[in-house]
C-alpha cells in the first residue's frame with residue numbers, strides 16, 4: 001500500500017513537470033507568431049538598432065518576442081507591472097491594505113484587481129506600440145505595410161490577448177505544474193537567448209575580436225558569478241524568537257523557541273529592473289526620435305552601457321530601490337505586532353515598538369549589504385558588455401532572474417517530495433493503528 005502511494009506521488013510530480021514543460025513550449029511557439037501587417041525585414045533592422053536600449057532589455061525578458069513583434073510581444077510584463085503597482089498601492093491606500101488582511105478572499109479580490117489593471121496597462125502599451133510602428137520608416141521601407149485605424153485596433157487586440165493568454169498560462173503552471181508560472185515564463189525567455197549569445201562570443205573569438213583566453217575567462221567568470229548569486233540569495237540572518245511558558249493545571253506548555261529568517265536580499269530582482277528602466281528610457285526616446293537634439297544625444301552618450309555616469313547612477317538607483325522595496329515587502333511594525341499578538345518576543349527586546357526598531361536596525365544593515373551585492377552583480381556584466389561587446393542576454397539582471405527562478409523551482413520540488421513522504425508516513429501510521 002505504501003509503495004503504491006509513493007509511486008502515485010512520484011507519477012504526480014512527473015506529470016506536473018511534463019505539464020510545465022508543455023506549457024512553456026506553447027509560450028515559445030507563440031513568440032514566433034508575428035502580428036498582422038508587419039514588414040519583418042524592416043522590423044529586424046529596428047530591433048537591431050534598439051539592442052542597447054530599454055527595448056533590448058524588454059526584448060530579452062520576452063525571449064525575443066518584442067524584436068519579432070509576435071503576439072506575445074508585450075510578454076507578461078504588464079501583469080508584473082500591475083502586480084507591483086497594486087502592491088505599492090496596498091501600502092498607501094487603506095482599502096487595499098484592509099483587503100490584504102482578509103485572507104484568501106482578500107487575495108482573490110487583489111488578484112482580480114491586478115488582472116483589470118493588466119488589461120488597462122497592456123492596452124495602453126499595445127496602442128503605443130502600434131502608433132510607434134506606424135511612424136517608423138527604415139531604408140527598406142515602412143515597418144507597417146498598411147497603416148491606419150484597422151491596424152491599430154487589430155494590434156491592440158492581438159497584443160492584449162497575447163498578454164492575457166501568457167498570464168493565464170502562468171497561472172496554470174502555478175496551479176497544475178511546478179514552480180511559479182510567471183517567473184518560469186520570463187526564465188524560458190531569457191535562456192532562449194543564451195545559445196545565440198554563446199555563438200556570438202565564439203564568433204568574435206574566431207574573428208580575432210575576442211581572444212580565446214578572454215572567452216575562457218568570461219565562461220569562468222559566469223560560473224563564479226552564478227556561485228556568488230546562489231550564496232547571497234540563500235544567505236539569511238536568523239533572529240531568535242522565544243515563546244513564553246504557560247501553566248495549565250499541573251502541566252507547563254510552551255517555552256519553545258524558533259528562528260525568524262531575514263533574507264540578505266529581501267528586495268529580490270526588482271531594484272535592477274527598475275533602475276535599468278529609468279536609465280535606459282532617454283536612450284530609447286532618442287532611438288525612436290527623428291530629430292537630432294543635442295541634449296538627447298548627450299544623454300544617450302553619457303547614459304550608455306559602461307559609461308562612468310551610467311554606472312554611478314545605476315548603483316545609486318539600485319541602492320534606493322533596495323531600501324524602498326524592502327520597506328514594502330517587510331513591514332517591521334506589523335511583524336512586531338503579530339509577534340506580540342501570539343505572545344512571542346525577541347530575547348532582550350521589549351514587544352512592540354522596541355522590537356519594530358530592532359527589525360529596522362537589522363534590515364537596514366542587511367539591505368546595505370544586499371544593495372552592494374546587487375550593484376556588483378549588475379555592474380560587472382555591464383563593464384564586460386562595454387569592453388567585449390557581449391550580448392545583453394548575459395546581463396546581471398538576467399543572471400539574477402535565472403538563478404532565483406531555478407532556486408525557487410528546486411525548493412518547490414523538494415517541498416513537494418517532502419510533503420509526499422510525510423503523507424506516506426502518516427498513512428502508514430494510520431494503517432498500523
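Each Cβ is built from the backbone N, Cα and C atoms, and glycine gets one as well.
Per Swiss-Prot, the stretch carrying the note transmembrane segment among 44-64, 212-232 is 212-232. Outside the transmembrane segment (309-329) by six or more residues, the chain places 87-88, 91, 266-268, 270-272, 274-276, 278-279, 302-303, 363-364, 367-368, 370-372, 374-375, 378-379, 382-383 with a CB less than 8 A from a CB of the stretch. Sequence-distant contacts of the transmembrane segment (71-91) (same chain, six or more residues past either end, CB-CB distance under 8 Å): 27, 30-31, 33-35, 58, 61-63, 65, 97, 99-100, 110, 113-115, 117-118, 120-122, 125-126, 129, 158-163, 165-167, 170, 182, 185-186, 189, 270, 328.
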